[in-house]
Structures are given as structure tokens and as C-alpha cells.
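Pulled from TrEMBL, these are the features on record:
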BINDING   S16, H17, S18, M96, Y97, N98, F99  FMN binding site
DOMAIN    3-187  domain 'Flavodoxin-like fold'
Amino acid sequence: MKTLLQINSGMQGQESHSSMLANRMTNSLLAQMPGAKHIKRDLSEEEIPHLNLGVFQSFSDPDSAVTPTQKAALALSNTLVAELKQSSILIIGAPMYNFMIPSVLKSWIDHVIRAQETFRYGENGPVGLLENKKTYIVIAQGGKFLGTEADIETEYLKMALGLIGITDIEFIYAQGLAMGPQGAEVGLKEA
Ligand SMILES: Cc1cc2nc3c(=O)[nH]c(=O)nc-3n(C[C@H](O)[C@H](O)[C@H](O)COP(=O)(O)O)c2cc1C
């Protein structure tokens, strides 16, 4: 059975353009995948805590998680990694907030990039351990940054996901959403 993992990270709930577009894309893919499992994480509703030293250490030494908080944080990371490993399609809704992805999405990434779990250190550098994951990322932004040096969001996502072996990524851009009603309409239509 195929699994589609969807990660929404827009903070504007039902009004989030990145989430709306990611939902739409998910629904259309699921319609073509009868029986597929759909795992959805809305990071605006269920925040992933910032990575801290204790949690990071527990990634390589699970016994070091002793307090209930540490144990819960390690368990959450294990769950997020398991969800990612079992998925064959990944859809991410990623708004641009202050020139970057939302910090909640960064936290999710910090919890799934794990040595020996999702990448390993090889003789020539890190080797991604996740394979065959078709990935779609919807980027929503108020301005128009695609193809400019200010588009660090795209490069960051390629680098971070590439590290763990997710390289087959299609980006969908909804741009100009803060450039008046007409600009937003055009941006959404193009996306
Ligand atoms: C806190 C915040 C920061 C933003 N920063 C940027 C930015 O740096 N560049 C930009 O083009 N748009 C920026 N915007 C506009 C959003 O990218 C735009 O509203 C987009 O639709 C957000 O995605 P969402 O609708 O999924 O939340 C920002 C919006 C918010 C709320």
C-alpha cells in the first residue's frame, strides 16, 4: 500500500495559501491512488518543538532520554522518521516567512535528519538513506523571488532534503500573493 505524507506549515489555518494548494494537490494525487494511506501533519496545529541538545544527543544514545519530556521528544522524532520512511510521496506546503520556511517546518526537518536513520556518513561525505520518494513542495510568497538570489528557501529545501536522499523534488510556486488582489489571483492561477 502506498503512503502519501503531507506536511503543511502555513500558520494561517484555512486561509493559508500554501496549505490550500498542498491540500488540493494531495486530493488530486489520492484520487489517482485508490487505497493509499494519507498521513497529514499540520504543523500550525501541532508544533514540533525546537531541537535542543538533550534531544539531539538522544538521537544517537536513546538511553540518555530520561525525563518524560526528553522521552516524548525522542518518541516524536522516531514517529516523524517512521512516517517519512514509509511514504512514497511527500507533499510539503511551505510559505515564505521572512525570506525562509516557517520555523515549525525547520523543526520538522531537524527531527527527521538523523545520522544512521535517514543519512549516514560515508567515505566521501554524507549519504542519504531515503530513496524513491517523489516530492512536491508548494512555496507561497508575497513577493516574487523565483530565480533571484533572495530565493534561499528553494536551495535550503533542496540541500536539507537532499542530505537524506530526497532528491526527486518538484517545486510549485504561488508568487505575488501580497501584490494586490490581481497579483494574488495571477500567482494562484499560475501555481
Ligand atoms: C510573518 C510573515 C512573514 C512574511 N515574509 C515574507 C517574505 O519574506 N517574503 C515574501 O515574499 N512574503 C512574505 N510574507 C507573505 C507570505 O509569504 C504570503 O502571505 C504567503 O501567502 C504565506 O503563505 P501562507 O498563505 O501559506 O501562510 C510573509 C507573511 C507573514 C505572515
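Note that Cβ sites are derived from N, Cα and C of the backbone, with glycine treated the same way.
In TrEMBL, annotation is done automatically, which means it is predicted and not curated.
Overlay of TrEMBL feature records on the structure.
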| residue | record | CB count, 10 Å |
| --- | --- | --- |
| S16 | FMN binding site | 21 |
| H17 | FMN binding site | 22 |
| S18 | FMN binding site | 29 |
| M96 | FMN binding site | 24 |
| Y97 | FMN binding site | 18 |
| N98 | FMN binding site | 7 |
| F99 | FMN binding site | 12 |
When pLDDT is averaged across the domain 'Flavodoxin-like fold' (3-187), the result is 96
On the Cα atoms of S16, H17, S18, M96, Y97, N98, F99, which are listed as binding FMN, what is the maximum pairwise distance in Å? 17
